[in-house]
Ligand SMILES: Cc1cc2nc3c(=O)[nH]c(=O)nc-3n(C[C@H](O)[C@H](O)[C@H](O)COP(=O)(O)O)c2cc1C
């Protein structure tokens, strides 16, 4: 039974376009894999904190020397990594905030990108350890970034792809709904993006 992990990072609930686009992707996955089990992680309901000293100490301390404070500090990080490890498909809803990902999604990355667990350093350079997963990005933006003058201002898509590959998830399909802030594109933006989904 394949597992689908849906990561939500928009706080807009039913009004969110990245959630709607993610759900359309998930619907298609479920058509292809009817036995798939869906796990939803809403980062806006249980946000990850900025990394604090106790998190960093816990990340850098061998597990057998962990104190109760270390264990408590990284229990959500450990759970988030376990969820990723168990996933066959990962669908990430990512609204663009100020040309990059939201701080909500960035905080999640800070808690799942851990040396020795999700990546390791080797003599040949860093190696990602979360291999064998198919990732779908449901990216939503107010402007247009797929072509035209703003292409180079999209720091979200390259960053997400780089970070995912860094932890071993290099099989990434980008689904993009764009132009929600523009009167000429906003009404059809979601429909167009859903029509272009290729699973
Ligand atoms: C705080 C904030 C910052 C935003 N920054 C950008 C931006 O830099 N570029 C852009 O094209 N759209 C920007 N937008 C628009 C959102 O990316 C767009 O509305 C998107 O559809 C939101 O996704 P959601 O509907 O899933 O919440 C911003 C929206 C918010 C709320």
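Cβ coordinates come from backbone N, Cα and C, glycine included.
Note that this is a predicted model, so its numbers are computed, not measured.
Feature annotations, courtesy of TrEMBL:
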DOMAIN    3-197  domain 'Flavodoxin-like fold'
BINDING   10, 16, 17, 18, 96, 97, 98, 99, 140, 141, 142, 143  FMN binding site
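Positions of the features from TrEMBL, shown on the structure.
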residue : record           : Cβ contacts under 8 Å, 6 or more apart
10      : FMN binding site : 16, 17, 18, 19, 44, 93, 95, 102, 140
96      : FMN binding site : 139, 140, 141, 142, 145, 154, 156
98      : FMN binding site : none
Message: Counting other Cβ atoms within 10 Å of each residue's Cβ, which of the binding-site residues 17, 140 comes out lowest?
response: 17
Query: In the predicted model, what is the mean pLDDT computed over the domain 'Flavodoxin-like fold' (3-197)?
result: 98
